[in-house]
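Q: Copying in the features that TrEMBL gives for the protein in this structure:
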| type | residues | note |
| --- | --- | --- |
| DOMAIN | 65-237 | domain 'Phosphoadenosine phosphosulphate reductase' |
| BINDING | C148, C149, C231, C234 | [4Fe-4S] cluster binding site |
| ACT_SITE | C257 | active site, nucleophile |
Amino acid sequence: MQKMNSLPITRSIDKKQTDANGGKTLNKQIITYDTWNDTLSKQITDQLIDELDVLKWAYRIYGEKIVYACSFGAEGMVLLDLISKINNNAHIIFLDTGLHFQETYELIETVKERYPGLTIQLLEPELSLKEQETQYGGELWKHNPNLCCQLRKIEPLKKHLSGMTAWISGLRREQSPTRKHIQYVNLDQKFKVIKICPLIHWTWDDVWTYIRLHNLPYNKLHDQHYPSIGCEMCTLPSSDPNDERAGRWAGREKTECGLHQE
């Protein structure tokens, strides 16, 4: 595994911006959900040196058929900045459950001002919160959080990705045991597309060093012991400094919203 160091990352980005066509020529054959094979995916992955190579390859291959689903967490801010250097007109989506912290919505507005070229689309669920309450009962996140995530996050993303070939995610191997085997290029069985994960080798320290070096905006809840931020009703400050996701669905067996589970 390539060990990322924040200062070399920054230098690498600057160098690659001035020499975008240098280095090894990547495999130009498109890989899709229907044409996936392990040999081709390994050939592609073996040629991808770092996060910028991944993003350049992804946007060159998939063009308008790739989208970044951004949660506007710390990793999200890094990826938005990197993507803006590669494709300043990129399509970004945010799964707007209607239950996010006010700080998250404020950050989105700040990001729109900083990166005016990016198209940031807020995807809303089919059911309003009132309609969901009428159909399934009030405070669904309390008595059936899996269904709440299904209705407000998974279904909207599934609908959007039905018109895409690939999507980008900020997953890192360090985040949790369920994510330690992810690759740069992955077959997404849930959404039947290709999932691109440029930051798999980054550490939490790498993420924050990059944010500070580039003076990126970030969700102020991070300063209040919220390393991972989701919906307000299901997110608490982390009680475990060694577990970035300890504050998500605290006190429950649930640890993932389901977007990254097959």
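Just so you know, glycine gets a Cβ as well, placed from its N, Cα and C.
Because the structure is a prediction, the values reported are computed rather than measured.
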Q: Can you see whether DSSP assigns C234 ([4Fe-4S] cluster binding site) to helix, strand or coil?
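A: DSSP call for C234 ([4Fe-4S] cluster binding site): helix.
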Q: Around the C-beta of C234 ([4Fe-4S] cluster binding site), how many further C-beta atoms are within 10 angstroms, looking at every protein chain?
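A: If we count other Cβ atoms within 10 Å of C234 ([4Fe-4S] cluster binding site), we arrive at 20.
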Q: 10 Å Cβ neighbour count around C149 ([4Fe-4S] cluster binding site)?
A: 24
Q: Taking 10 A as the limit, how many CB atoms besides its own sit near the CB of C231 ([4Fe-4S] cluster binding site)?
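A: By my count, 22.
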Q: Please work out the number of neighbouring Cβ atoms within 10 Å of the Cβ of C148 ([4Fe-4S] cluster binding site), leaving out its own Cβ.
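A: Total other Cβ atoms inside 10 Å, all chains included: 23.
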Q: Averaged across the domain 'Phosphoadenosine phosphosulphate reductase' (65-237), what pLDDT does the model get? Just tell me the whole number, please.
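A: Result for the domain 'Phosphoadenosine phosphosulphate reductase' (65-237): average pLDDT 95.
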